[in-house]
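Scroll down for the structure; my scribbles are underneath it.
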Amino acid sequence: MVASARVQKLVRRYKLAIATALAILLLQGLVVWSFSGLEEDEPGEKGRQRKPRPLDPGEGSKDTDSSAGRRGSAGRRHGRWRGRAESPGMPVAKVVRAVTSRHRASRRVPPAPPPEAPGRQNLSGAAAGEALVGAAGFPPHGDTGSVEGAPQPTDNGFTPKCEIVGKDALSALARASSKQCQQEIANVVCLHQAGNLMPKAVPRHCQLAGKMNPGIQWDEVRAQQPVDGPPVRIAYMLVVHGRAIRQLKRLLKAVYHEQHFFYIHVDKRSNYLHREVVELARQYDNVRVTPWRMVTIWGGASLLRMYLRSMQDLLEVPGWAWDFFINLSATDYPTRTNEELVAFLSKNRDKNFLKSHGRDNSRFIKKQGLDRLFHECDSHMWRLGERQIPAGIVVDGGSDWFVLTRSFVEYVVYTDDPLVAQLRQFYTYTLLPAESFFHTVLENSPACESLVDNNLRVTNWNRRLGCKCQYKHIVDWCGCSPNDFKPQDFLRLQQVSRPTFFARKFESTVNQEVLEILDFHLYGSYPPGTPALKAYWENTYDAADGPGGLSDVMLTAYTAFARLSLRHAATAIPPLATPLCRFEPRGLPSSVHLYFYDDHFQGYLVTQAVQPSAQGPAETLEMWLMPQGSLKLLGRSDQASRLQSLEVGTEWDPKERLFRNFGGLLGPLDEPVAMQRWARGPNLTATVVWIDPTYVVATSYDIAVDADTEVTQYKPPLSRPLRPGAWTVRLLQFWEPLGETRFLVLPLTFNRKLPLRKDDASWLHAGPPHNEYMEQSFQGLSGILNLPQPEPAEEAARRHAELTGPALEAWTDGELSGFWSVAGLCAMGPSACPSLELCRLTSWSSVFPDPKSELGPVKADGRLR
């Protein structure tokens, strides 16, 4: 009784707290119930689908010559995607994710019944695969972008044919952006769940075990011996993308011989390069361009499809009697002469050269993701779940650069052997299929004894830098990529123990000197006085592409560059000639090039049609805009002397450790990165401070610099839009300055490719809401940093944020002129302005002679170089 009375007394005393707790529990229950209701399939809930967590990278790859790196796991939330039966002609317009338990059968909605198809019940394993791929193994001519081997949707609605399970498939469906891609994913997963997608077993025709021919050693004496029979002829398959036409020409000039054949595929997204390559091919009968084009993403199934289709084309070109198929990219370059290559292949005319991974197969299968199902659509490789390797075969793989005999290519393209047909089906849904398909077919085929474990290449692998998951935005996996060769790597190019005839990768925007060294090693030096040997130009914009490919930042910068240059032309000449040198720009620039000299970025070259202010015909000028350095190294101590440079930019490349956005052009909506280079020295901790144009301390953070650290970089999560104008980044140690740099956030004169309107300018140029770049305020540091009073700068920023039209252009030009200067102008043709030199006589101009990248007529020895 005493205890009961005590309980009642406690209840009376704390009844308010108890009531509050019960109310909170009731509210939580209602919230949970309401959120579970969101998962039900109700009409009009299109936007409530929750995305899974981003992919989590796993361990890194160490395979000898494979691009596959580490796997990423899909979103962690488990659940089901399912379709709902609708009235005829009314497909489900969306999919919903159910998180209810499996035993809650009352909430289940059965999948839409699949349409009847003749012979559907008999499709299983390889038979289903053949039905999907088609008789030829690849689809008829047409657009690409997804793998046509997948069952295609019949309409734009998304109608799952089954109840889809598995976290990988659910994650892919949640992230796919188009209904067609979602439908393809659902169809593939449903076939896979039913066991009708992958072959269960594949026949093996090779009776040998292990590696067939581990390698062939290079023998200088044997290489000089005469060849029995006619010399082999080679079909080079060049797979290119981007805009580096000059580097492609340099490669073609190095490998060209009139006895060989050259077939070039240009990525469907690279229209400028395609136009240039088509023009190039018109000069030579043995150079052709594929009449079709594909979007070939890194690691995608479309790359294998492109190779198979190209091989069939090459086999069917009349008069092209080639013996070997060699694939190259524009970043490859020969390391031995054509004569040495032909002699070597003529002595080994029955061998196929492919580089294997060099590890046990079970480890390779896991690292390469061969035990996972992938599908390509929306220019992305989606991981959809696990699968089994077909029984009965040995799976091999490694590098997707190879040298294949014509007989093996014919076997792969034309055979009706179930080995090839079923492996085509298997590799249609495989990550990096070109790195394994040809290896696996050959190692299980009757020609397995012809395999040599060497692809005749040397690749500049640096896993520490090259395996940074740099392709995770297009592949649900962490991949690796080789590094560019530099002069210090030249000894690696001189392989003496094994035959190597090509090397990769080379990029002239990163380092051209190593190409000069290699070219001299192969062919000797150019004649004395040869121009432009240290210069390199690369197009970034061409009028034929239209402005659609330009960002608003680039469009703003290029047009402002033209205005600055024309103003310079009118003021930097003798007074008497001034009226003849006043020009007005006509339209947008016609082309823009990056200009490098001696492996240093020198600026942008803008070609612009202009109208003289005086009477006269229209002219075309090229203008050179050079960036002005703003780095200040301020420290004097031993630790401070470690700092070598401090840069801010976008498009940071962790593999080559440079900014791909040369010149650092960025706008209010960009996400800049601060990078520091260090010399070796004692450990230190540095503080990085970002200051905006109105002296707002946007952010501050510390970086630890170990004794052997060479590069540090960080992208702070700043709220956008960034305030336009000159920003400052300071590097300090114990609040003593080590260095400082300035960078420009460019005021935009264009928004969505149209002149900026006032209602857009008022938010785009006003900085972040409440001047808060981060959740935490760092303004308390302004006193320590001795920043000026912000009021005058804030008032100027408010006025600038309202500008449009000519006033906005004047502001943009003024800001840009603080970071860029006009280094030169020239005329593409005769000009009324006497101070303008012809561009073809101007050493920095993009039309100046460039013999190293000019092809010219075929010489008496059948070569171009």
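Placed from the backbone N, Cα and C atoms, the Cβ positions cover glycine too.
Features as listed in Swiss-Prot:
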type: DISULFID; residues: CYS162-CYS190; note: disulfide bond
type: DISULFID; residues: CYS206-CYS448; note: disulfide bond
type: DISULFID; residues: CYS467-CYS480; note: disulfide bond
type: DISULFID; residues: CYS469-CYS478; note: disulfide bond
type: DISULFID; residues: CYS581-CYS833; note: disulfide bond
type: DISULFID; residues: CYS826-CYS839; note: disulfide bond
type: CARBOHYD; residues: ASN122; note: N-linked glycosylation site
type: CARBOHYD; residues: ASN327; note: N-linked glycosylation site
type: CARBOHYD; residues: ASN683; note: N-linked glycosylation site
type: TOPO_DOM; residues: 1-15; note: topological domain 'Cytoplasmic'
type: TRANSMEM; residues: 16-36; note: transmembrane segment
CYS480 (disulfide bond): tally of other CB atoms within 10 A of its CB: 24
Taking the Cβ of each of the glycosylation sites and counting other Cβ atoms inside 10 Å, which one has the highest number: ASN327, ASN683? ASN327
Candidate disulfide-bonded residues CYS469, CYS480, CYS581, CYS833, pick with smallest Cα gap to CYS206 (disulfide bond): CYS480
Rounded to the nearest Å, what's the C-alpha distance separating CYS839 (disulfide bond) and CYS833 (disulfide bond)? Just drop the number here, would you? 13
Which of CYS206, CYS581 (the disulfide-bonded residues) has the most other Cβ atoms within 10 Å? CYS581
Cβ-Cβ neighbours of CYS833 (disulfide bond) (radius 10 Å): 23
Rounded Cα distance, in Å, between CYS467 (disulfide bond) and CYS190 (disulfide bond) is 33
Taking only the Cα atoms, work out how far CYS190 (disulfide bond) lies from CYS478 (disulfide bond), in Å, as a whole number. 26
Between CYS469 (disulfide bond) and ASN683 (N-linked glycosylation site): CA-CA distance (Å): 28
Take the C-alpha atoms of CYS448 (disulfide bond) and CYS833 (disulfide bond) and report the distance between them in angstrom, rounded. 70
I'd like the Cβ neighbour count for CYS839 (disulfide bond), meaning other Cβ atoms within 10 Å of its Cβ, all protein chains included. 22
Rounded Cα distance, in Å, between CYS833 (disulfide bond) and ASN327 (N-linked glycosylation site) is 50
CA pair CYS162 (disulfide bond) / ASN327 (N-linked glycosylation site), Å rounded to integer, equals 41
According to DSSP, does CYS826 (disulfide bond) sit in a helix, a strand, or coil? strand
Round to the nearest Å and give the CA-to-CA distance linking ASN327 (N-linked glycosylation site) with CYS480 (disulfide bond). 20
CYS581 (disulfide bond) versus CYS826 (disulfide bond) - Cα distance in angstrom: 12
